[in-house]
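Asks: The structure follows.
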Amino acid sequence: MKILLANPRGFCAGVSRAVETVEKVLEVEKSPVYVRHEVVHNKVVVDSLKKKGVVFVKEVDEVPDDAVCIFSAHGVSLKVEEAAAKKNLVLYDATCPLVTKVHRGVRLASNNDAECILIGHKGHPEVQGTMGQYRSKKGAIYLIESEEDLNKLTIKDPDNLYYATQTTLSVDETHGIIQALKDKYPNIKGPKKEDICYATQNRQTAIKAMLKHIDVLVVVGSQNSSNSNRLKELATLEGIDAYLVDNPKDVDKLWFDNKKVCGVSAGASAPEYLVQQIISQISKVCSTEVEEFEGIKEEVYFPLPRLLKQKIGTGKVE
């Protein structure tokens, strides 16, 4: 059996920035270092940081006053920011800059008393943070996951309406919902460029290009990773067996029975070393050759948070 490796795959610029932020903060600050929510949705990465002394918490209420705290890549609501300020925390914000961009759009809608429609998955931390940017008493923010949800909405002022999306959704599915929004509300405003992040788009594009060449897909990523699940879905929608794994021990020989080509990709929060471990495990259970599948080359970089750059002396605080 042959293995085809999707390109690009694995860590995106936002995840790299978030993980590097935690590792650098561990170097410049005294322990313990607290992180609100899993810094990225990958069990291997989180477990590794725990071993280095990071304490993960669900809410800033669990963090002692004046302690060091990091916000995860998914972003937080205004209420969480205010709670952190009251506790006088030494705060490092590892929110992905692309999520921050979505936050700005929602805050602008709120400031203009525009109603806002957010396309996203209920309960996802990014969605909670984005919903929490809206403060207008005259308007409201609504969460929808499908065109069916859209049909149930009652909008008070269609001429003062804005939409935004979670950054890690399916590009194809979201495009359909956005088009339905524009058809129903012709005057709706939204971001100049789609909120779906470049890395999510690129990884989905790479999978689509590879589908006609494979008969099974293994996606390296954790079960709670939204973008990893979307990669798996692209294959299953085409009738191709697909599996989501974040531990080499989870690889099952039966997956590859009577298969000729296995595609391997990784969600934006999965490190390359884990990809290589899983490829090695696949090779153990069935003889394989490994080939890189040509794709988009990513060269995006997001700088570290300003406070951290100041502490380590690699940049100026503006």
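Keep in mind that glycine also has a Cβ here, set from the backbone N, Cα and C atoms.
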Asks: Of the residues Cys12, Cys286, only one is listed by Swiss-Prot in the [4Fe-4S] cluster site with Cys96, Cys197. Which is it?
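Replies: It is Cys12, as the record lists it for that site.
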Asks: If Swiss-Prot says His41, His124, Ser225, Ser226, Asn227, Ser269 bind isopentenyl diphosphate, which of His74, His103 does it name for the same site?
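Replies: When Swiss-Prot describes the isopentenyl diphosphate site, the candidate it includes is His74.
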Asks: Over all pairs within His41, His74, His124, Ser225, Ser226, Asn227, Ser269, the annotated isopentenyl diphosphate binders, what is the largest Cα to Cα distance, rounded to whole Å?
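Replies: About 15 Å separates the two most distant Cα atoms.
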Asks: Please tell me which one of the binding-site residues listed here (His41, His74, Cys96, Cys197, Ser225) sits closest to Thr167 ((2E)-4-hydroxy-3-methylbut-2-enyl diphosphate binding site), measuring Cα to Cα?
Replies: Cys197
Asks: Taking Cα atoms as reference points, which of the binding-site residues His41, His74, Cys96 is nearest to Glu126 (active site, proton donor)?
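Replies: Minimum Cα distance from Glu126 (active site, proton donor) across His41, His74, Cys96 lands on His74.
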Asks: What are the sequence-distant neighbours of Cys12 ([4Fe-4S] cluster binding site), meaning same chain, six or more residues apart, C-beta distance under 8 angstroms?
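Replies: For Cys12 ([4Fe-4S] cluster binding site), the qualifying residues are Cys197, Tyr198, Ala199, Thr200, Ala268, Glu298, Val300.
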Asks: Other than His41, His74, His124, Ser225, Ser226, Asn227, Ser269, which residues of the chain come within 8 Å of the dimethylallyl diphosphate site, judged by Cβ distance to the Cβ centroid of those residues?
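Replies: Checked against the 8 Å cutoff, the neighbours are Val40, Glu126, Thr168, Asn224, Ser228, Gly267, Ala268.
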Asks: Looking only at C-alpha atoms, tell me how far Ser269 (dimethylallyl diphosphate binding site) is from Cys96 ([4Fe-4S] cluster binding site), rounded to the nearest Å.
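Replies: Between the Cα atoms of Ser269 (dimethylallyl diphosphate binding site) and Cys96 ([4Fe-4S] cluster binding site), the distance comes to 12 Å.
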